[in-house]
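Colleague: What follows is a single structure, and I will ask about it in a moment.
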C-alpha cells in the first residue's frame, strides 16, 4: 500500500509494536525482579495466606513468558480476581487490582484521568497561543530590540523548572496580590466557571515552559520560510509584510509546530506529575506519587503503561499530522 494511507497504516503498526514492547519491558522490570513480588504487590499488612493467594493470581510459579501471557490476556480480554470472600471481574483493558485499596487499577485511573486531561488540554491552548504568537512576533521583528527581549525571555522560560514557576506564581498571584484563589479542583460538569478559574494557575505553570519551546521553534521555522524564493516574489509584487506573515509564512511554518504539539501533549500527560503535586490536583500524577510512596505495585505499573500509551499515540499522531501539514515529507 502506497501513499498517505500506507504511511498512516505503517505508523499505526509501529505504534502497536512499540506499545507491546513497552508492556514487556514494564512487566519484566516490575514483576520479574528479585524479591518477594507477591508480598510487595499485596502490601505490608497482608497475611501469609493472602500473599500466597496473590502469588497464585499472578502465576508466579509459572515461567516468565507464561506469567506475561496472563498479564497480556488481562489487558486484552479481562480477568477475574479473588479477594478472599468474593471474586471481582476486571473488564478489559484490565491493569490489575490494587490489593492495598481493593480497587481495580483501571477504574482508579479512569477516575483520575479527567483531572490530568483538563490540566493538559487547558495548558495546551495557552502554550500554543503564547508560544506561536511570541515566535511570529520575534521573527517579524528580527534584529530589533523586540526580538532580543523575546529571545531572552524564551531562553529563561526553557531553563526554568516547572515547580519554580508554579511556586512563584502561587506566592505572587495567590499570596501577595490575591488575584486568584489557591487552586482547588472543581469538575467541569459541576461548575465550568470554577473549573477554569481554579485551573488557571496550573495551566500557566505548565504552559509557560512549553510556550518558550514553541516560541523558539516557531521563530526558526518562520525565518526559514521567510527566506524562501516564493516569499521574495510576494515582496517583489508589493504584497504587504503583514499579509506575507499571516497568510503565507505562518502557514508554511506550521507543520513543525503541529508535530511538536502532538509530541508535547503526550509527554505533558506524564510530566504533569510535578504540577499536580504542587497544586494538589487529584490527577494521575498525584496518584502515581502516592502509589510509589506506599509501594502499590499494580497502580504504579498501570500508571506507567497509561503514560506510555499517551506518549506513543501522540508521537504516531504527530507523524501523521506532520505529513498532512507538509506535503514535502517523504511518506516512508
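Think of each number as a place in line: the chain as shown, counted from 1.
Backbone N, Cα and C atoms are what each Cβ position is placed from, and that goes for glycine too.
The structure displayed is predicted, hence computed values, not measured ones.
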Colleague: Ranges 218-244, 299-325: which does TrEMBL label transmembrane segment?
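Modeller: The listed stretch tagged transmembrane segment in TrEMBL is 299-325.
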Colleague: Three or more CB pairs closer than 8 Å, sequence separation of 6 or more: does that hold for the transmembrane segment (12-30) against the transmembrane segment (299-325)?
Modeller: yes
Colleague: Can you say which of 149-175, 195-215, 299-325 has the most Cβ pairs under 8 Å with the transmembrane segment (115-137)?
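Modeller: By Cβ pairs under 8 Å, 195-215 leads among 149-175, 195-215, 299-325.
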Colleague: Going along the chain, which residues at least six beyond the ends of the transmembrane segment (299-325) come within the CB cut-off of under 8 Å?
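Modeller: Here the qualifying positions are 4, 7-8, 11-12, 14-15, 18-19, 22-23, 26-27, 30-31, 95-96, 98, 105-106, 108-109, 113, 254-256, 258-263, 265-267, 269-270, 284, 287-288, 291-292, 331.
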